[in-house]
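Here is what TrEMBL records for this protein:
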BINDING   SER35, SER62, VAL165, TYR183  molybdate binding site
Amino acid sequence: MRRSSALISTICAPALVLGCADDDDAELQVFAAASLHSVLAEIAEIYTEETGTEVQINAAGSSTLVEQLSHGAAADVLATADETTMEQAVESGLTSGDPEVFAANHLVLITPPGNPAEVQGLSDLQDSAVDTVVCTPQVPCGAATARLADSAEVGIQAVSEETSVTDVLGRVRSQEADAGLVYATDALQAVGEVEALELPGAAEDPNYYPVALLEGASSAEAGMEFIDFLLTNEQAQQILQEAGFTEVDR
């Protein structure tokens with residue numbers, strides 16, 4: 001997947017500019033990873049103000065989104081929380097053109113306020129007395145958890161595996177669990193409701209977030225336009241960074 005070049009549209013030749021879509025009343029359907037929901041909603045609002053194109057966001061676990069698309073769900077743009085899941089979409093013929101990476105994210109350890117179980121690091125999650133929740137390995141946050149645990153040679157004793165990172169956050173936020181592994185962006189959104197601890201090696205092995213136009217998109221022009229906006233618009237990139245996402249080389 002490309003990380004170095006800006007997206008160029010062949011639909012709005014010779015250059016992609018905001019407002020090139022013919023239909024001012026166009027509506028764009030974006031399937032986005034759960035960890036992108038809030039930030040894409042904010043970016044979409046600005047995009048709509050500039051273009052007049054409404055954006056509807058369906059947020060769920062990345063693997064769930066690809067499964068929905070494989071079973072015929074209709075959408076124009078797909079943004080996943082890792083490259084592996086996007087590759088599955090590409091190999092299934094769901095995408096049109098090359099996916100582009102627009103941001104990165106890494107895992108942190110979270111606890112309820114006050115850290116009642118006194119969790120100090122990843123090794124503490126080996127203790128079955130610590131109620132730990134993680135993402136299931138089939139979804140991006142779970143794959144990142146497995147990589148981190150393997151690298152640290154830690155066997156996490158999880159009481160629950162969730163299908164999305166927002167579910168992990170919810171379990172810790174509601175104090176149903178002593179600890180969880182979520183993205184840095186999710187922890188930032190829950191400041192005051194959870195405490196976050198950076199983990200050695202996590203920032204050096206982030207998940208890269210790609211976005212792609214979907215095959216058969218009913219609003220292909222608007223979809224290409226939105227992807228370019230996400231990749232190149234300074235305000236969009238600023239929103240991503242303020243939310244805790246890491247900028248990628250372009």
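Each Cβ is built from the backbone N, Cα and C atoms, and glycine gets one as well.
From a predicted model like this one, the values you see are computed outputs, not experimental measurements.
Distribution of TrEMBL features across the structure.
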residue	record	DSSP (3 states)
SER35	molybdate binding site	helix
SER62	molybdate binding site	helix
VAL165	molybdate binding site	helix
TYR183	molybdate binding site	strand
| Largest pairwise Cα distance, Å, within the listed molybdate binders SER35, SER62, VAL165, TYR183? | 14
| request: Using the recorded molybdate site (SER35, SER62, VAL165, TYR183) as reference, state which further residues of the same chain have their Cβ within 8 Å of the centre of those residues' Cβ atoms, listed in sequence order. | output: ALA33, ALA34, LEU36, GLY61, ALA81, ASN105, CYS135, VAL139, PRO140, CYS141, SER164, THR166, VAL182, THR185, ASP186, ASN207
| For SER62 (molybdate binding site), which residues of its chain lie six or more apart in sequence with Cβ-Cβ distance below 8 Å? | ALA33, ALA34, THR80, ALA81, ASP82, THR85, MET86, VAL139, PRO140
| request: Please report the number of other Cβ atoms within 10 Å of the Cβ of TYR183 (molybdate binding site). | output: 30
| task | Would you mind listing, in sequence order, the residues at least six apart from SER35 (molybdate binding site) in the same chain with a Cβ closer than 8 Å to its Cβ? | result | ALA81, ASN105, CYS141, VAL165, THR166, TYR183, THR185, ASP186
| task | Would you count the other CB atoms within 10 A of the CB of VAL165 (molybdate binding site), including those on all shown protein chains? | result | 30
